[in-house]
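**Student:** Dropping the structure in here first, questions after.
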Amino acid sequence: MFRSVATRLSACRGLASNAARKSLTIGLIPGDGIGKEVIPAGKQVLENLNSKHGLSFNFIDLYAGFQTFQETGKALPDETVKVLKEQCQGALFGAVQSPTTKVEGYSSPIVALRREMGLFANVRPVKSVEGEKGKPIDMVIVRENTEDLYIKIEKTYIDKATGTRVADATKRISEIATRRIATIALDIALKRLQTRGQATLTVTHKSNVLSQSDGLFREICKEVYESNKDKYGQIKYNEQIVDSMVYRLFREPQCFDVIVAPNLYGDILSDGAAALVGSLGVVPSANVGPEIVIGEPCHGSAPDIAGKGIANPIATIRSTALMLEFLGHNEAAQDIYKAVDANLREGSIKTPDLGGKASTQQVVDDVLSRL
């Protein structure tokens, strides 16, 4: 589904040639903590695809994260960005550690990576496993990935009137970025309409308070929809204030189909939505840009379990499939999704976060056996 979306977007034309490629160069960026344990899972799955799908992969080990910062002075080395830009069609990014106290010179490498690579959209499917008890959940959260408060323009100063510290942060919403993210969200909704017979786009904002910034986001999303009624007219268009969105998301998640949100709200909503389908350890995402797709599991570096061999690899394996889908290899992606769903639905081989006792590698082996 997602590959056909990407090829229709002018911003993603550079991805179009990858559908014909049988040999792909994939960057592997484990990062910190359990990232070092789950990224090898994605690599093993890709290596397994050659016999059936005729795909071959060249893997390049790359570095980013807090440990890299401690060793080199840079959380995102120039060489990592250079290799991704010049050699890779896709990449897998694990997780990064966030220090509990301020560390001079350190900032999140994934935020910088999204900016450097032009990864304007974070696409996160949130779906319950078929056959589970309860009403099925099946939504896609599309998050603008390059601006909002995450542009990291901040300052701290002393208020002259009180003599106390004040911190300010700039929130940026641009017409260009909003138009781009609204288009990809509507195109995803359009594909779901074609495969399901109905689709709804929900635009999330806080324009009742932030009338200029969120007001612009709301305005441009509506404009993209209204000015392309010949294309999107059968998609139902809704808006939801972000605080009531949180309430409805957890009370009635089945009401949502495709959600589009500015960076901060999308970050919060998509992590929260993972609780609806079991764990952050099972939810994938893809960072999509003009020339490259980077799969990224939704969980963090989990220092409490790092090194124990019990991290859940499912989110990374699904992110690997999502990356392939955007790169035009839908059949291979679907095989991975089916193998993962079979593991979750039928198997007892699950990591502790899902109530099991299996190791990371045991789960990987079970998924591979189902491929």
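Cβ from N, Cα, C; glycine included.
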**Student:** Here are some residues: S98, S108. Which is flagged as phosphoserine in Swiss-Prot?
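**Tutor:** Looking at Swiss-Prot, the phosphoserine feature maps to S98.
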**Student:** Just name the winner among D243, D267, D271, D304 (the binding-site residues) by count of other CB atoms within 10 A of its CB.
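**Tutor:** Of the binding-site residues D243, D267, D271, D304, the most buried by Cβ count within 10 Å is D267.
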**Student:** For the (2R,3S)-homoisocitrate site made of S98, R114, R124, R143, Y150, K206, N208, how many Å separate the two farthest Cα atoms?
**Tutor:** 32
**Student:** Max Cα-Cα distance in Å among V96, Q97, S98, N208, G300, S301, A302, P303, D304, N312, the residues listed as binding NADH?
**Tutor:** 40
**Student:** When you measure from the Cβ of A302 (NADH binding site), how many other Cβ atoms are you left with inside 10 Å?
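**Tutor:** The Cβ of A302 (NADH binding site) has 22 Cβ neighbours within 10 Å.
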**Student:** Return the single residue from the binding-site residues list (R143, K206) that has the minimum number of other CB atoms within 10 Å.
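**Tutor:** Across R143, K206, these binding-site residues, the one with fewest Cβ atoms within 10 Å is K206.
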**Student:** Give the number of CB atoms, excluding that of R114 ((2R,3S)-homoisocitrate binding site) itself, located within 10 Å of its CB.
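**Tutor:** Looking across every protein chain shown, the total is 23.
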